[in-house]
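Step one of this worksheet: look at the structure below.
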Amino acid sequence: MSASWADVADSENTGSGSSNQNSHPSRPAYVPPHLRNRPAASEPVAPLPANDRVGYGGPPSGSRWAPGGSGVGVGGGGGYRADAGRPGSGSGYGGRGGGGWNNRSGGWDRREREVNPFENDDSEPEPAFTEQDNTVINFDAYEDIPIETSGDNVPPPVNTFAEIDLGEALNLNIRRCKYVKPTPVQRHAIPILLEGRDLMACAQTGSGKTAAFCFPIISGIMKDQHVQRPRGSRTVYPLAVILSPTRELASQIHDEAKKFSYQTGVKVVVAYGGTPINQQLRELERGVDILVATPGRLNDLLERARVSMQMIRFLALDEADRMLDMGFEPQIRKIVEQMDMPPRGVRQTLLFSATFPREIQRLAADFLANYIFLAVGRVGSSTDLIVQRVEFVLDSDKRSHLMDLLHAQRENGIQGKQALTLVFVETKRGADSLENWLCINGFPATSIHGDRTQQEREVALKAFKSGRTPILVATDVAARGLDIPHVAHVVNFDLPNDIDDYVHRIGRTGRAGKSGLATAFFNDGNTSLARPLAELMQEANQEVPEWLTRYASRSSFGGGKNRRSGGRFGGRDFRREGSFGSGRGGYGGGGGGYGGGGGYGGGGGYGGGGGYGGGYGGASSGGYGGEPPSAWD
């Protein structure tokens, strides 16, 4: 098997490290205090990059020891503690000496502590910008994606980032991120948002929607950074707030926004429950322009009068339908309508999600003014990029059947970081039990669910993404929005009750135009899902088992939450309809749509192709491994 991109990067890092040691034989490698005087390990411990050394403010790469200095990356280039010196001390241990890239004299400036992920760009990969997402977007898969826009005076799309005036610093970060050209949602959404228009965008995770709303927000704040905000109190006044349904998604958006806002002067802070609020309060007191938060924690901060919505210019809701489905509607309405938030039309409001059923659109329309509706075809959620398999498995046989699948992957050499397996279950107890059973049977696994502390969830996700535990057992807490690259196989151990939840689950694989595999265990307890599941598979030109077709013909397909709206788009603009009546097709029409006389319109959806060659190995459309990396998800 050819070496992966990560393997090549590791070998380059090793080579770079040896070269540096040879060129400076008289200077021993820095050893953190907690590792000193310990016996040598059997394998050498890879040194951390300079910017990751906790409490180490030593000289930037290639510089000399100098008093104070004016380094850009690590607190002015002098001292062992970049955050502990006296302001304006001039030199010595910890002094920033009036240096720093903004040339201020004295005082404390948050930007001086900003880690520079690009400092060693010429010699080694940047962890924050390259190793984080080891997938390269397959642009060929985006060429034929259906896109629909509706609304008044829709700005034309762009084809390159060079056509967009985002500001020099942000454009530099985009180039450093190695973003080649905009994804479809970015091509359309960014010009709309730069025009100051409200937007409702229907696009699933993996399509680049985080960058689609982060770029215009950061650019807008950069152009008006000197706005006067009230002073003299402990209340902070962010200019933008981004709401997300889960802690994990909030943390992910925060990390992306921090990456995009590097050296722009835009300060990004995250706030979510499950962690001590005091630490988040201290971060807020240091200044905030963009606040990424979950609805519950933001309400808490508003009630404590530690955050005010008075100066908000941008309001973004990511996974908006999920937040409403999870019961956050009262909290969201309180934030938007009852606090000191500027009214719609004064602020700019952005709603992004993978699905926008008509009921959700009614509620969301209360937050928007003269908005543009953007629908981007499903990329990586229910297309030919994902091979969907449904197998009839009794509850008592599920574990042994899962073991057969995992053994088949292992025998075909499909394992490790490039082929992660995500297993969805319905209950927290079931997640813990299955994780333990897999570990006992020789398959390293971890799990996340609502009863895990935030720290436990973050540790589990990190272990899964790195490939140390290539199997993650999860409840729906991980189904929406999480950025987990390399998921090659999604197993619905327990099928959800909602077909949209199924769509979101399998959307964890086949991301960024790459191939993926989704396996579902179906039995008599899932009969209500039979018909929408069969129709969903038909839409993507998947093979529907005969037994599932029989179940589908027997099951009743009423309204409820298993009625998917919008067909291949996951949602449509209800303003195009005379009413909220049912039985009409999506954008691609032909009289299709669920319950509307004749299956999916537009010639049967996405057209098949690819697949995994009939087994878990030997993929004929990309396969599990061997593909280089990207930061687009």
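Placement of Cβ uses the backbone N, Cα and C atoms for every residue, glycine included.
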From 154-157, 318-321, 346-349, 514-517, which range did Swiss-Prot mark with motif 'DEAD box'? 318-321
With Cβ-Cβ distances below 8 Å as the criterion, list the same-chain residues six or more beyond the ends of the motif 'DEAD box' (318-321) that contact it, or say none. 209-210, 213, 242-246, 249, 253, 351-357, 360, 364, 480-481, 500
Cβ-based isolation winner (fewest other Cβ atoms within 10 Å) among the binding-site residues SER207, THR210: THR210
Three-state secondary structure, GLY208 (ATP binding site) (per DSSP): coil
Using a Cβ cut-off under 8 Å and a sequence separation of 6 or more, which residues in the same chain sit near LYS209 (ATP binding site)? VAL185, GLN186, ALA189, ALA201, ALA203, ASP318, PHE352
Neighbouring C-beta atoms (10 Å sphere around the C-beta of GLY208 (ATP binding site)): 24
